[in-house]
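Enquirer: The structure that follows is given in the form of structure tokens.
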Amino acid sequence: MNRRISADALRLAIPALSLTVLLAAVFWLQPRAMSYVGLNLLFNLAVPIALATIAQMLIMSVNDLDLSMGTFVSFVACVTATFLRDAPLVGVLILAGAVAVYSVLGVVIYLRNLPSIVVTLGMSFVWAGLAVLLLPSPGGQAPDWARALMTVKPPLVPMAIVASIAIAIVAHLVVMRSSLGVLIRGVGGNQRSVERAGWSVVATRAAAYGLAGIFAVLAGIALVGLTTSADANIALRYTLLSIAGVILGGGEFIGGRVSPVGAVIGALTLTLAGSFLSFLRISPDWQIGAQGAILIVVLALRLLLRRVEIREKGR
Amino acid sequence: MTAIARLSRKPWIWSWFAAFVVWFATILVTGGASTFGLSQAALTFAAFSIIVGIGQMFVITLGPGNIDLSVPATMTLAGTVALKLMDVDNAMIVPGLLVAVVIGIAVGIGNYALIKALRIPPIIATLSMSFIIQSTAIWTNRGLRIKPPSFLADFTTSSTLGIPNVAIIALVISLLAWFLLEKTIYGRWISAIGQSMPAARMAGIPVDGTRFATYVFCAVLASLAGYLLACFSGGAALNMGSEYLLMSIAVVVIGGTAVAGGDSNVPGIWGASLFMFLVVSMLNTYGLGAGIRLVMTGLIIISVILLAGGRQPGTR
């Protein structure tokens with residue numbers, strides 16, 4: 001046993017370290033956060049963000065980018081707070097349809113060789129419009145089961161932590177361990193070689209987009225479970241948050257290099273950064289700016305670590 | 001026939017075609033009553049997207065992953081600070097403009113410093129930067145709405161020989177951009193970098209210098225647009241740049257610039273900007289609700305992209 005660490009583990013080191021440091025800082029500033037209720041409050045809103053981040057990660061693993069994530073989660077939230085509560089069957093059909101649309105998008109982008117940024121940009125208008133049609137003003141009500149699921153109180157560890165770990169494990173199994181996950185990352189890494197090996201790129205991309213759609217739907221439902229009502233603009237910031245979460249978690253834009261566990265940690269870090277700043281009593285003017293600064297610091301750390309890694313290899 | 005065939009192969013022709021169809025569909029409904037007004041409004045509002053779109057186009061030309069998300073925040077900061085400095089005084093117009101340009105240069109330097117020194121992907125670097133810029137804008141502005149100097153307010157809202165002044169400025173900038181892109185070595189350099197950065201580096205092109213200049217150029221154009229927009233709309237608002245994030249990317253791509261980089265064109269930006277404004281005004285003319293209007297806008301954007309099609313490799 002020598003000190004050789006796998007590249008994947010190293011990829012996780014920095015996100016995990018930054019989350020730990022941030023968490024320690026929060027506990028130091030506000031010791032009362034170190035409790036069941038405190039932890040739950042800190043990480044509550046991270047659950048939908050983590051799900052959306054996994055969805056974005058799936059899209060990024062086939063070298064695309066989804067700029068409609070925020071509006072899509074908002075749309076799902078609106079469906080959840082209206083149809084899924086009042087007419088569950090119709091609601092489920094609508095959401096299934098939305099996931100199918102995602103699959104079709106993945107195929108169309110590939111077949112017509114279109115830029116994913118633009119197609120999803122166009123779709124973001126469509127989802128936003130549909131959300132406004134469903135709920136012109138904030139309202140609706142969360143289905144009881146979604147509410148119950150998000151407020152359940154498991155013993156010892158709060159729901160937010162349990163849910164985050166569950167999401168990380170499921171995503172890890174799907175993306176890193178299943179043959180579908182390997183194919184999806186393969187398409188991101190080298191599309192041509194996957195094709196030559198006899199696999200269908202079309203089917204793989206449809207699956208990647210469809211899976212992303214499913215995770216994004218779960219994000220919308222989880223969000224409504226927390227907020228109890230919905231609004232057409234409820235999750236607009238998820239687009240940028242989800243991209244930042246994937247990158248923070250060690251994922252990359254091209255080459256199918258992603259890390260599901262890292263993505264969940266990235267989402268948790270981003271959520272915690274917000275709480276940390278309010279504990280620091282930073283003037284609200286600078287809160288957004290400080291969030292940007294935290295992002296930069298974490299990425300700078302990652303660069304440092306990579307330098308060390310290269311030096312170690314050179315020896 | 002060959003002329004048409006050659007024209008239809010130009011990547012920018014589709015955006016012009018789409019803009020014309022939408023324009024025609026709108027005046028069909030109004031019965032030609034407001035043709036002149038509509039065209040003038042389209043030119044005015046398109047001018048701002050053209051200015052930011054050209055900057056974004058230069059950045060996107062640099063190759064995959066290059067994008068500037070700090071455009072809206074830069075617009076807001078430049079608009080707020082410039083108006084605050086000018087303080088309704090006509091004599092301060094030039095210093096105000098200079099301050100806007102300096103802000104643009106500073107943002108550009110900051111963006112590229114993050115990209116280069118920290119090796120952060122441009123999309124995240126400019127995003128983090130935009131958070132910081134936005135905070136600075138909130139801090140300097142504090143919700144105050146300062147009016148622009150009367151001369152600037154008049155200048156940006158009036159027109160010369162029937163053409164809105166802001167459109168004339170956009171035209172001058174476009175000509176400059178076209179010249180830079182097609183006639184100078186710098187333009188060749190950014191295309192070369194966009195096609196293959198390692199190849200460009202081996203060919204002895206100063207890759208870092210060129211990329212740096214491009215990010216600065218984009219940020220300066222964004223701050224100019226912010227300056228003009230703040231004067232045009234009678235004061236800077238903190239959210240005034242927000243719609244230009246998606247707009248600046250959309251006009252570049254609808255205009256036929258390759259998202260993969262290395263191939264761009266200026267005329268397409270004009271067609272796409274006019275198209276984006278005309279779509280919204282057409283749907284408004286039809287008297288549709290906000291929800292339907294958004295859905296239609298999205299579907300129309302996607303259909304234009306589908307029609308224009310992904311370019312086959314090898315054809316230009």
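Quick reminder: no glycine exception, Cβ is built from N, Cα and C everywhere.
TrEMBL annotations: computationally assigned, not manually curated.
What TrEMBL shows for this protein is this:
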TRANSMEM  A:12-29  transmembrane segment
TRANSMEM  A:41-60  transmembrane segment
TRANSMEM  A:67-84  transmembrane segment
TRANSMEM  A:90-111  transmembrane segment
TRANSMEM  A:118-136  transmembrane segment
TRANSMEM  A:156-175  transmembrane segment
TRANSMEM  A:206-228  transmembrane segment
TRANSMEM  A:234-254  transmembrane segment
TRANSMEM  A:261-280  transmembrane segment
TRANSMEM  A:286-305  transmembrane segment
Enquirer: Any chance the transmembrane segment (A:12-29) and the transmembrane segment (A:67-84) are in contact, meaning at least three CB pairs closer than 8 A with a sequence separation of 6+?
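Expert: No; fewer than 3 Cβ pairs under 8 Å.
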Enquirer: Against which stretches of its own chain does the transmembrane segment (A:118-136) lie, if we need a Cβ under 8 Å and a gap of at least six residues from its ends?
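Expert: Same-chain residues near the transmembrane segment (A:118-136) but 6 or more away: 64-68, 70-72, 74-75, 77-79, 81-83, 105, 108-109, 230-232, 239.
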Enquirer: Answer with yes or no whether the transmembrane segment (A:261-280) touches the transmembrane segment (A:156-175) by the criterion of at least three Cβ pairs under 8 A, sequence separation 6 or more.
Expert: yes
Enquirer: Which residues of the same chain, at least 6 past either end of the transmembrane segment (A:67-84), have a Cβ under 8 Å from a Cβ in it?
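Expert: Those are 48, 52, 55-56, 90-92, 94-95, 98, 117, 120-121, 123-128, 130-131, 134-135, 139-143, 146, 213, 216-217, 219-221, 223-224, 227, 229-240, 242, in sequence order.
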Enquirer: Can you tell me which parts of the same chain pack against the transmembrane segment (A:234-254), counting only residues 6+ beyond its ends and a CB-CB cutoff under 8 A?
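Expert: Beyond its ends, the transmembrane segment (A:234-254) has Cβ neighbours at 11-12, 14-15, 18, 48-50, 52-53, 55-57, 60-61, 63, 65-71, 73-74, 77-78, 124, 188, 219-220, 223, 227, 261-267, 269-270, 295, 298-299, 302.
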